[in-house]
Amino acid sequence: MAFRKSNVYLSLVNSYIIDSPQPSSINYWWNMGSLLGLCLVIQIVTGIFMAMHYSSNIELAFSSVEHIMRDVHNGYILRYLHANGASFFFMVMFMHMAKGLYYGSYRSPRVTLWNVGVIIFILTIATAFLGYCCVYGQMSHWGATVITNLFSAIPFVGNDIVSWLWGGFNMEDPYYSNMMLNKSVLCWNIFIWMMNYYIIQLIIYNNMIWNKNNMVKMFIMRRKLAVINMYMYMKLIIQRTYSYYMNNTIIYDKNHKLNTDNPIYAYIGGLFEGDGWITISKKGKYLLYELGIEMHIRDIQLLYKIKNILGIGKVTIKKLKMKDGTIKEMCKFNVRNKNHLKNIIIPIFDKYPMLTNKHYDYLYFKDNLLKDIKYYNDLSYYLRPIKPFNTTEDILNKNYFSSWLIGFFEAESCFSIYKPMNKKMKTASFEVSQNNSMEVMLAIKSYLKITQNIYTDKFNNSRMTTKSINGIKNVVMFINNNPIKLLGYKKLQYLLFLKDLRTITKYNNYFKIPPKY
């Protein structure tokens, strides 16, 4: 007997490839199924090797693909094999489906077989789309946005499903991490479904006798497939949890301390002083330490940027019912984790101290947090002092004041163009206000060389407005020349402000308005 027939392993290959009995009416169209299997193996193998070098991080995805093409040995061959293999996979699949339609493979008794093939086809389309999203760029970004927005057509829960798929209100890191993970799982699911497909073919084409032994064999095989599926989905859950953890932590330097040299943290400090809070509240007999910022819903993108920069906290939406019955939507970013507060927030505010009287709140907050005060009864009485923490000169001498000021403007400033009554020409206006912060307002006035007076109302809210040509010029030049830029809705307001400013002769003739920001 030939060795290929006597060997336990080779005999299996021999029975299916060499000595496999086939009907005389079979033709070359029946090669499509085996070619599909070959294409799938090529896709899985090349995909595994490329995944070793690919990063699903939103900032590294495109660079990692470039790394595969340029730095990985024969990486370009892997990528081209993967890309062209996908094209051939679909070409062969469509020919395979056309053969099935032509020969009536969808009719009884092969209905189940055809349905399994349809499921494989749908899974393949989904897998191809996920791979299309992995290279983070404009095309994949908007392609993913459009396709996933299809779920918004589902009544009642559509928008929630879209937000869940995105991992937030825009394309966040978890979305692209999940794309990569889901793609790998779907590849294995296609492989498993193809095994089912093959088993059903055996049942139909070889006229298997449904005796007790064969039923046991089929039962065992399907249980094995169920175990494989369960393993893959458990692996997916673990990977998604790990991905969520990695996307909600921040990178430390070698000494495990936050690197606060980036002036963007001064910007965040100014933003918190404008619209943020830092509190110790009672939760039963325990204390809840919290730092947060609340803004209008239009600034939700800004809060997500802050979350991504810090790597901690969460963003939520809440609806407020106004006195007139209308609903106002607000978004909130807050941090409650003590380790995050100690290791990230405190180093930032130690490096860039608050300039308003909120610094008293911070010192009280920091003292209790570092002492690990847990119970409400152990908390000492606190009342914010009235005396200013910093003088105007102290504020102006801070080397981070310009970066801090951009963040403060993001929260508390307003750019507007309006037409006064009985006047033909429009007027530009810049306004900034804050409660219990006269020294900060005086520092801003001095720093920007604004001549207008500061108005303080009976609630101790200080407001400064400038409409003069020189004042508007100083504000525009400061914002445009600052290395730290506006990041939220205020940026859009400022861009529209510049656009309208170019149409006002008295400003346009006096100084050169920046063409872009």
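Every residue, even glycine, has its Cβ placed from backbone N, Cα and C.
Topology check against Swiss-Prot: Val111 and Ser140 fall in different compartments relative to the membrane. The DSSP breakdown of the topological domain 'Mitochondrial matrix' (106-115), given as helix, strand and coil counts, is 5 helix, 0 strand, 5 coil. Across the topological domain 'Mitochondrial intermembrane' (53-84), the DSSP tally of helix, strand and coil residues reads 20 helix, 0 strand, 12 coil.
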